[in-house]
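Colleague: The structure follows.
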Amino acid sequence: MKALHFGAGNIGRGFIGKLLADAQAELTFADVNQTVLDLLNSRKSYQVHVVGEQARVEQVNNVSAVNSGSEEAVALIAEADIVTTAVGPQILAKIAGTIAKGLSKRHQQGNSQPLNIIACENMVRGTSQLKQHVFDVLPQEDQAWALQHVGFVDSAVDRIVPPAEAGSSDPLEVTVETFSEWIVDQTQFKGQPPAIAGMELTDNLMAFVERKLFTLNTGHAITAYLGQQAGLQTIRDAILDPKIRQVVKGAMEESGAVLIKRYGFDAAKHAAYIDKILSRFENPYLHDDVERVGRQPLRKLSAGDRLIKPLLGTLEYGLPHANLIQGIAAAMSYRSEQDPQAKELVELLAKLGPKAALAQISGLPAESEVVEQAVAVYNAMQK
């Protein structure tokens, strides 16, 4: 199995790339970081530190790397069996051109073997969005062929991969938690889905996408925002604070009530899933900074993301949402000199006031009760 993975960052190396390599794929990473590309090509291997109860170091071997925009990447797409990404939602549009060129070349070369493309991003149906970007630039004469031979497979991914410790001098070394989950939509494959240990197939992907978004992502973000408000440094420090933990767990229970109503999840199993996530946040071996986890507050406060989407579900089903409101107010309070969206958030709040700013960012009606509630909590937080 030939695999090309876009994104040689921590998630690419520590999660998706590792699973592909473990499945004996002939794996090439595509990235723009020349230092990482050169090191991967000279060493052909790297180490993954899995931390938790059963800490271990695992070696990933037989890897190579190319520049994301290069002709080599295009040529690899023409030959690959699977293409995956972990580049971040904003970058999908930037790699679409390379993928489109690769598909055109594949068509020209008469390669009618099925190719499956899987975007492994923190977003809902990311591969469907990547497909749209690819088809925007794919020549007309290749489109019908691509629809027939190329599967764009949506997925849900979950593994906490914090940035490397400052003390590590090796740019390729990566630290990951023991837990990982990669769930793919089996209805979207062309040909047989590849056998990759750790990749689970489902025909009800949205249930798992929303379960992860409404629980892990919602909880992680609220922990970060409340942690920053309390002057705490890491996710672990924040979740060990009883007041913060109460709100975070409460918010995950509120969003969980939506999931149980919408998808029929078992209530006891979902409660256990929430407890599992709380214990992941407590992992003493993961030094996950609240400022990093809180980054991009405008995206995280948008209508389809981890704070507003579960809130909309509570409104749809007439369910409580007091803790989600606390999380939204804390997100409005997020500040970071390093994050352009945090600066833009401050400007919007100053220019429009909290009510109009939240309405603009989230799509919620400015006069709605939930906006009034969130603004009241936000104002109280500023005192």
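Glycine too: its Cβ is placed from the backbone N, Cα and C atoms.
The NAD(+) binding site feature in Swiss-Prot is assigned to ALA3, LEU4, HIS5, PHE6, GLY7, ALA8, GLY9, ASN10, ILE11, GLY12, ARG13, GLY14.
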Colleague: If you count other C-beta atoms within 10 angstroms, which of the binding-site residues GLY7, GLY9 is the most crowded?
Modeller: GLY7
Colleague: Tell me, by DSSP, whether ILE11 (NAD(+) binding site) is helix, strand or coil?
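Modeller: In three-state terms, ILE11 (NAD(+) binding site) counts as helix.
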Colleague: Return the residues near HIS5 (NAD(+) binding site) by Cβ distance under 8 Å, restricted to its own chain and a separation of at least 6 in sequence.
Modeller: GLY12, ILE16, GLY17, LEU20, LEU27, THR28, PHE29, ALA30, VAL83, THR84, THR85, ALA86
Colleague: Taking the Cβ of ALA3 (NAD(+) binding site) as centre, how many other Cβ atoms lie within 10 Å?
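Modeller: The answer is 24 other Cβ atoms.
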Colleague: Given the binding-site residues ILE11, ARG13, which one has the fewest other C-beta atoms within 10 angstroms of its C-beta?
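Modeller: Comparing Cβ neighbour counts within 10 Å for the binding-site residues ILE11, ARG13 gives ILE11.
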